[in-house]
Amino acid sequence: MSAVITPADFNDYKVADISLAAWGRRETIIAESEMPALMGLRRKYASEQPLKGAKILGCIHMTIQTAVLIETLVALGAEVRWSSCNIFSTQDQAAASIAAAGIPVFAWKGETEEEYEWCLEQTILKDGQPWDANMILDDGGDLTELLHKKYPQVLDRVHGVTEETTTGVHRLLDMLAKGELKIPAINVNDSVTKSKNDNKYGCRHSLNDAIKRGTDHLLSGKQALVIGYGDVGKGSAQSLRQEGMIVKVSEVDPICAMQACMDGFELVSPFIDGINDGTEASIDKALLGKIDLIVTTTGNVNVCDANMLKALKKRAVVCNIGHFDNEIDTAFMRKNWAWEEVKPQVHKIHRTGAGSFDPQNDDYLILLAEGRLVNLGNATGHPSRIMDGSFANQVLAQIFLFGQKYADLSPAQKAERLTVEVLPKKLDEEVALEMVRGFGGVVTQLTKQQADYIGVTVEGPFKPHAYRY
């Protein structure tokens, strides 16, 4: 898409500065050249228009790459309304370019919590009334939760939700277990072409970038503690190792802990003998007193708690690349310590009390992005080529769920299909193949004899569902 309209033609949006639209359009065109899977889906399904009639409520980081996703959904027939899932992650030029193309969007970098909630509401509402949406695309689950709690009537028309992140999937599974989930969901996060690309390789690229942009620190030779060794933790540990840091890992899952050891990282715990009893006495102060950088990667709560924050080395950098800001106990920091803004999304947290502070005080922590996603708060997130896999999965998931027409089923059929599932492996392989072609790679085709020998078809899928990549 290349059309840019004037603001007078369209006012169903709120962005920081609509005059940034041309800049956003130029960056979007470059991003398209780095997103071969997404652009391949545009070409493949252009005539079929599989999303014609789809009305999608979207809540995901409003970046340049997301602009390519949005315009792909529109190119395949959908109408959308959009907001960002994080108060710091919007690239204002991207939001402006989407608004200038006549697409409703409500997002700007540096929203307050109240403004964030307002943007979510505007995604749902058109002219003050709930839009007749029939699909949801979410990242983290805030939009899905708001619809269930405040606008349940909208869900009567909705065919399903596609969820981008680990945190959002956890929330969906919890709702399903409690009998609260009203619509089926596709777990995009656990598609291989999402989890291995976005969570692992994306973090490998974007974590060190964000820390260096935020602090201008040299990382080489310093000690880092990565909390969690799932796919995000794996990519994060690699990112810091690339910078020459001495990287330690903390993990609760024995399998992930084993992987950290096998990958050559020292497995440690911030707690003596690994036991957190909630007291300062349980903290391994000798360990934390040497840590220059701590990164949370888990999607869990208080994995860097108040007692850990008290024990960290003076002037240590603290950041999160998991999801919400509650991975770090920022609530404790706000209540008990003084905050000094160095620049947007970079704060010195003075551990000398909640009142005034001495600018020359050296007992402080450097907190990035207020504990929210550091790679989107202090930098621009993952590269386009990484997000290509994630967003191609989102498009295929939207097509898949929209085609299932859940809202039109009988109650008995709905009960049977009310699930949280991953995309079929064949679609995962379709995304991967488009990405490989984008790299100029050539995939070898099985012979009929070889396919028969391992019990698959020549066209795939090539691995059983339980295969761990």
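Glycine is no exception: its Cβ is also placed from the backbone N, Cα and C atoms.
Remember, it's a predicted structure, so these values are computed and weren't measured experimentally.
Feature annotations, courtesy of Swiss-Prot:
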BINDING   Thr63, Asp139, Glu164, Lys194, Asp198  substrate binding site
BINDING   165-167, Asn199, 228-233, Glu251, Asn300, 321-323, Asn375  NAD(+) binding site
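Feature map: Swiss-Prot annotations on the structure.
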residue: Thr63; record: substrate binding site; Cβ neighbours (10 Å): 25
residue: Asp139; record: substrate binding site; Cβ neighbours (10 Å): 27
residue: Glu164; record: substrate binding site; Cβ neighbours (10 Å): 26
residue: Thr167; record: NAD(+) binding site; Cβ neighbours (10 Å): 22
residue: Lys194; record: substrate binding site; Cβ neighbours (10 Å): 29
residue: Asp198; record: substrate binding site; Cβ neighbours (10 Å): 27
residue: Gly228; record: NAD(+) binding site; Cβ neighbours (10 Å): 27
residue: Glu251; record: NAD(+) binding site; Cβ neighbours (10 Å): 25
residue: Ile321; record: NAD(+) binding site; Cβ neighbours (10 Å): 31
residue: His323; record: NAD(+) binding site; Cβ neighbours (10 Å): 25
Additional residues around substrate, ordered along the sequence, whose Cβ is within 8 Å of the centroid of Thr63, Asp139, Glu164, Lys194, Asp198: Ile60, His61, Thr165, Val188, Asn189, Met387, Ser390, Phe391, Gln394
Spatial neighbour of Thr165 (NAD(+) binding site) that is closest, considering only the binding-site residues Thr63, Asp139, Lys194, Asp198 and their CA atoms: Asp139
Pairwise CA distance, Thr167 (NAD(+) binding site) versus Asp198 (substrate binding site), rounded so that it is a whole Å: 14
Around the Cβ of Val232 (NAD(+) binding site), the count of other Cβ atoms that are within 10 Å: 28
For Asp198 (substrate binding site): DSSP state (helix, strand, coil): helix
C-alpha spacing of Asp198 (substrate binding site) relative to Val232 (NAD(+) binding site), in angstrom: 8
Alpha-carbon distance [His323 (NAD(+) binding site); Lys194 (substrate binding site)] in Å: 16
Length of the line joining the Cα atoms of Asp198 (substrate binding site) and Ile321 (NAD(+) binding site), in Å: 12
Which same-chain residues, if any, lie at least 6 apart from Gly230 (NAD(+) binding site) yet have Cβ under 8 Å of it: Thr166, Asn199, Asp253, Cys256, Thr297, Thr298
